[in-house]
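Colleague: So TrEMBL lists these for the protein:
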- 1-108: domain 'C2' (DOMAIN)
- 251-371: domain 'C2' (DOMAIN)
- 410-536: domain 'C2' (DOMAIN)
- 579-702: domain 'C2' (DOMAIN)
- 832-862: transmembrane segment (TRANSMEM)
- 947-975: transmembrane segment (TRANSMEM)
Amino acid sequence: MSSFKLGVEVVSAHDLVAKDGQGSSNPFVELHFDGQRFRTTTKEKDLNPVWNESFYFNISDPNNLSNLPLEAYVFDHNKANNGKTCLGKVRLTGTSFVPYSDAVVLHYPLEKRHILSRAKGELGLKVFVTDDPSIKSSNPLPAMESALHTDVGSAYAQIPNSAPNSLRKEKTDKRRTFHHLPTANHSQQKQNFPPFPPQQQMNYGVHEMKSEPQPPKIVHMSSGPSSQPLDYALKETSPFLGGGRIVGGRVIRGDRPASTYDLVEQMRYLFVRVVKAQDLPSKDVTGSLDPYVEVKVGNFKGITKHFEKNQNPEWNQVFAFAKETLQSSVLEVVLKDKDLVKDDFVGIVRFDLHEVPTRVPPDSPLAPEWYRLEDKKGEKKKGELMLAVWYGTQADEAFPDAWHSDAIAPGDTPSIASMYTRSKVYHSPRLWYVRVNVIEAQDLVPADKNKFPDAYVKVQIGNQVLKTKTVQPRNLNPIWNEEFMLVASEPFEEHFIFSVEDRVGPNKDETIGKAVIPWNTVVKRADDRYVRSQWYNLEKSLSDAMDEDRAKKDKFHSRLHVCVCLDGGYHVLDESTQYSSDLRPTAKQLWKPSIGVLELGILNANGLHPMKTREGKGTSDTYCVAKYGHKWVRTRTIFNSLNPKYNEQYTWEVYDPATVLTVGVFDNCQIGGSDGNKDIKIGKVRIRISTLETGRVYTHSYPLLVLHPSGVKKMGELHLAIRFSYTSMLNMLFQYSRPLLPKMHYKRPLSVIQQDMLRHQAVNIVAARLGRAEPPLRREVVEYMSDANAHLWSMRRSKANFLRLTSVFSGLFAVGKWFGEVCMWKNPITTVLVHVLFVMLVCFPELILPTVFLYMFLIGVWNYRYRARYPPHMNTSLSCADAVSPDELDEEFESFPASRSADIIRMRYDRLRSVAGRIQTVVGDIATQGERLQSLLSWRDPRATTIFVIFCLAAAIVLYVTPFQVLALLAGFYLMRHPRFRHKTPAAPINFFRRLPARTDSML
């Protein structure tokens, strides 16, 4: 017998259904787990009962714990007939059971027991796994009669002796608040769990328990059937946000009024707006003044920029100080004169923070006022400073552009800090596909007049260069007639250049002429209508080609015949097709109305790994980036924190539910004197919109998993709040009948090679454009968020895709195995029932399709109760990241082209050859079976074809005179015949087919 036990503390219930006809109920809770049942005491006339009773179930097989559910039923005791009526139930899967150190009290909404029942209210439970040998399992459930007569002091509810009595007798004040009820015994003991096999769903081992402090009110949840460590699992949370407490996706309104930002926690800030100064005194010998303002609150200090020789400066800068970090009750605004040696004091304005007003949007901004400067003794002096000081939240419009006290590194100037740390919203440039058809050239003038040129055309837009094939005409009018696709972005800043080149030798080309096509002359189209081709004059140099007046002066020109257009009917893929966040075409006239709104609250990150060392301590300067559609958002950088709090909310319009939101966390390496380094990726989360229920608030803590050359690592957790709301149910459902991509992708589809090349160019354009913003969104960030390297070879990813394929067909394999057991009569009753069903379907064939669809309907309805209640997330087992070899990881992170030694490259090449050899064998076997089918009537084997032709004639006659039902019955009974009538050797048709010839004899 295992020493492991499942502990369940039944804390309380709230807002139960009244069942006694007098507006009340007599509730008690019944717990079911692994064939064991326990019951609490009955609370008389109480719709908000409090039990605080603990029970302990024996766990017979810890390896199978993840497959064992815990069910808690709330019943009403009817004293008249000693019966019970179900008030609701809670069902917890085994994947949510956690060690005692991670367990907290959660209030679960009660569900209906069956479709006709009624349920409401919540049940507070604390569920955990323990191996404490001092805890004994609870006594089994007694008979119904004796148990129901027990009102108070049930002998079957066990409370550990080590628990403080005050905690057991204390009644909860707030029903919708989660409480942690630790015991002294559990808080000190060490949880020792045995190591489980690697393929199990959950692992409660010591090595899986978290070393960093975890936030309360968290439930561990499994991501699906694929097993992965408990530390990598999703966690559902119940934070108190601006709209109220989130419980099970529902918003429980609190006492405070709802905030505009209802998906983030309200953060209070002290805002100081320094507008301008006037009539300042002179300080230098020359009578001038170089003023700047220093805003000080306790240990925090913000500085404006300084003006040279200006006695009436204007700054208009805002400073934001987090209220929870303020350690002073006085705000000092000091005006100083910038000097080479020591800055001179000009004047000061002091504010008592207890007298500062509070502003709540949508109130108008607080009007700034003039304040007379004072000296250090508090006496008035010459000069005035215009200021505005108020308390606000992150909903304040001054918040995004403000200087933040938690985003400044020592040694950074305020201008540099604000450049790299502010929160911003970016928009990707509008991308177009450029279709180019190079037709011909006319009257070329090569450098060597004695031979015809080996001409080709080079098409260039920025860094994109494509070339036609080299042709060797017998005249000066070569013809190519080749088509290309390139990517351009608005505004069109890159030149569109055509260059005709002459291949005069190996790796030696000479330019015959150039042409620059103005973008305003290129036709834009939204469909596949015909576009007229045009002739363009060729000039010797690029400057001449860009001179429009030169073409009018010269009478003779070599010419190039091309057809160019901007294809707006396509969606320009700038990210991996599996993770697309936008599927709209480029042409805006083809856009459909939005179907809903996606709201994202980036709350905080927990337990981040230190990315750098500062003052001998590991730390990180992190920010988050979210991408959906054309809109990118970046939170402010939180300096020097491994548990940063962002609490920023953003909104996107949704045009298609089959899209993906991506949120990434990065370490900012541009502050603290480290300019030029690449920002370090910490991890990212993907959330598919179609997996979200409408109107529900998803508050989960997502593990940040990153694959390093040393293996997969958890870099921390990202806490998000997500809500998707649609505007019209009909429009939402209609989207599922529409094509995934715009119409042009099906009328004139692009090849896979073209898509990969164009996607690479699109990512480069987006990265270059966003890298020029302020603060810049760096190239490594854009490439990581867009999965720019997802197309590169990876042995690990190939294994994962193969396992995904086998998982898809596992259902068919299971059906085949079951049918094989039916044919072998392993269970005679099942086989007889299958025979009966088979006879019914053959006799009444019109029932076949209705039976199939009814069966699928029933399966779907049955699986509804087991549906996922949370978005999918990164799965290490599904990705084969938990069992990958170091060499395979090194190969995956290898640069392209390879830079390793020749021996390593040879070993990897040999491994790839062996894998490809097995694939080659499978493909060859499939081709052999197809060629055998073709040889049935090809007379490749005359005797086999003769046999088959005679068989076909006989079959035609028999099938003509015999009813189809009789033949189907005979075939079915023959296929499912008893093993006594079977032979161990293959059947004659199979032997005949295997003897047919294939074309393998003709292969070298």
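Here the Cβ of each residue, glycine as well, is placed from N, Cα and C on the backbone.
Give me the local environment of each listed feature.
Modeller: Per-class residue totals from DSSP over the domain 'C2' (251-371), listed helix then strand then coil: 6 helix, 53 strand, 62 coil.
Within its own chain, the transmembrane segment (832-862) has Cβ neighbours under 8 Å at 822, 965, 968-969, 972-973, 976, counting only residues six or more beyond its boundaries.
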Colleague: Any residues 6+ beyond the ends of the transmembrane segment (947-975) with a Cβ under 8 Å from its own?
Modeller: 823, 835, 838-839, 842-843, 845, 936-937, 992
Colleague: Tell me the residue counts in helix, strand and coil for the domain 'C2' (579-702), as DSSP assigns them.
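Modeller: Taking the domain 'C2' (579-702) as a whole: 7 helix, 63 strand, 54 coil.
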Colleague: For the domain 'C2' (410-536), jot down how many residues DSSP puts in helix, in strand and in coil.
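Modeller: Once the DSSP states are binned, the domain 'C2' (410-536) shows 11 helix, 64 strand, 52 coil.
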